[in-house]
């Protein structure tokens, strides 16, 4: 089967090997006579799936032992409420606004905290650049500092996580890494909590990953629902309530796929990082030399995962999208809030897909310039 290239921002492409294995095991997982979707989450079959997935993820992301890995539900949007319900006892939380998702996080937190303080914002520049960390106005005694490390809509990415200690801040850093989790290594020495929906790089929608330092557990507000209390979830190995079993299974297969990846002598996440850099460089280099297309994001914070781009003559947008569909290049329309086009090139997107997109863009430019 010749599959098209899917540039969806999420739910996004899943590696074909993962889908094929899931299809083969759909009716009978490892001779159990059951589909994973039919298993009790407390049965030995699913417990083995869960434990393997957790161990593989800890290895892939080099998660230190003082961090708990939680498999939850609700997506990144729900975590915008769940995080302050768990961590905001001090009453003040700092937010760095770098795009739509960090804006949503601050707006949601205002329901639960006395002061959702905007420490810095890139809104004046239409979120085409990141506020320099040395310019952040961080609060004294804040419960935590929140960033979205990759903004899916605006295509802005922190190329490295900020070092709050170097900025004179003792608050833990909370990172929404939904759209680039497992695309590059994580410096856990700078992180207190990281969360993300699985539907971009790890599997299907419905599963949410939370990785939280143990000393941050046990501080939930009284109003926090027990199913969302990180300590309760951790104490029950993510099974206080029925977890998203199918999502955990597919994520586990994806973790195994990541472990098999190689690139220039590198393996796993390091291999994917090298591949992702090559994919992004290929695309940006073409757009930057073109007089027909434009990317508006500052070069030092361009996303490797989500690339918004615009035709200078927007009257040709519909023709561009129609031609792309004919070539098997799907879901390139930009988010409604910014317009234009967007190519999401997550881990599952092969470099051949980016090459095919660039070749189509070049041909379209030659026909219409």
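Glycine is no exception: its Cβ is also placed from the backbone N, Cα and C atoms.
Record note: Swiss-Prot gives 101, 176, 199, 241, 242 as pyridoxal 5'-phosphate-binding, and the candidate from 152, 262, 267 in that site is 152. Across the residues annotated as binding pyridoxal 5'-phosphate (101, 152, 176, 199, 241, 242), the two Cα atoms farthest apart lie 30 Å from each other.
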